[in-house]
Amino acid sequence: MRAPRRRCYRVRPMHDVSKLEKRLLRAAANAIRDFELIGDGDRIMVAVSGGKDSYTLLHVLMRLRERAPIDFDLVAVNLDQGQPGYPAEIVERHFQAVGVPHRMLYADTYSIVRRLVPEGKTTCPVCSRLRRGVLYNAAAEMGCTKIALGHHRDDLVETLLLSALYSGALKSMPPKLRSDDGRNVVVRPLCYAAEEDIAAFATAMRFPIVPCDLCGSQPNLRRKRVKALLAELSDEHPAVKGNLLNALGHVVPSHLLDRDLHRLVASTGRDPWLDGDEDEDGGCLQGEVADALVKLAGAREDA
């Protein structure tokens, strides 16, 4: 597999920046509408690490708030995890410059990660879990109803392939998820947005990007390989990532091998192969069969 092409995101003319912004605003607005990510009266914690994704997320939500037909509040939060040389002041200055209510947090998870993760292994999974725990506690303390994260389309499709190829499961990052402790709801308003658009926009806006490798962690080699595979496929067929994202929203359960699902479908007294709820072209289940899917999802959440 050849290495993906390196993309250079040059500063664009203002009319191009405006087009990028409109595309990102439209993607976020569609996701918010489709999955009811934000409601009237919500207080949203926007987790900002200092990377291109979270800066763009903050910008997009601030712009949407200006024109939204509902009333919601934003509070930007940055977490310094004790990584050597982490420049939290850069992020705080950005918060002050854009005039967003904000809070700076500190929790030395870095030393915990170093103790738990063997030398040479990627620290990202453990670091991410510890970071989520700190943010969850802070959100509850601050009275936030939602936590907004900056994951985008490419994150979702990469995770889909990682789960299928390395874990044997069809799943990805959901646009909306209640945390295991039941106290917090995580939302991903950029789930429809392309990483390429986000990177180009962040460059054009000259966001003060904080390096993501200050901890010295090894890269996640599996994710890196999947990203390279997607880049190679996209060179041949540019719609690949969009098609994979669409696949997450066009599931044909009767054409899968989930035995629990098939037992629930059978309990409706209808056979999707014989009763016309499915076709070989990928039509979606309707009526009672769709109700079975809802029951299955609820049963799995309770398990």
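Including glycine, each Cβ sits where the backbone N, Cα and C put it.
Residues annotated as [4Fe-4S] cluster binding site in Swiss-Prot: Cys124, Cys127, Cys215. In this structure, Cys127 ([4Fe-4S] cluster binding site) is part of a helix by DSSP.
For the motif 'PP-loop motif' (49-54), the mean pLDDT of the prediction comes to 97. For 49-54, the entry in Swiss-Prot reads motif 'PP-loop motif', with the evidence type sequence analysis.
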Here are the binding-site residues: Cys124, Cys127. Which has the lowest count of other Cβ atoms within 10 Å?
Cys124
Composition by DSSP (helix, strand, coil) of residues within the motif 'PP-loop motif' (49-54):
3 helix, 0 strand, 3 coil
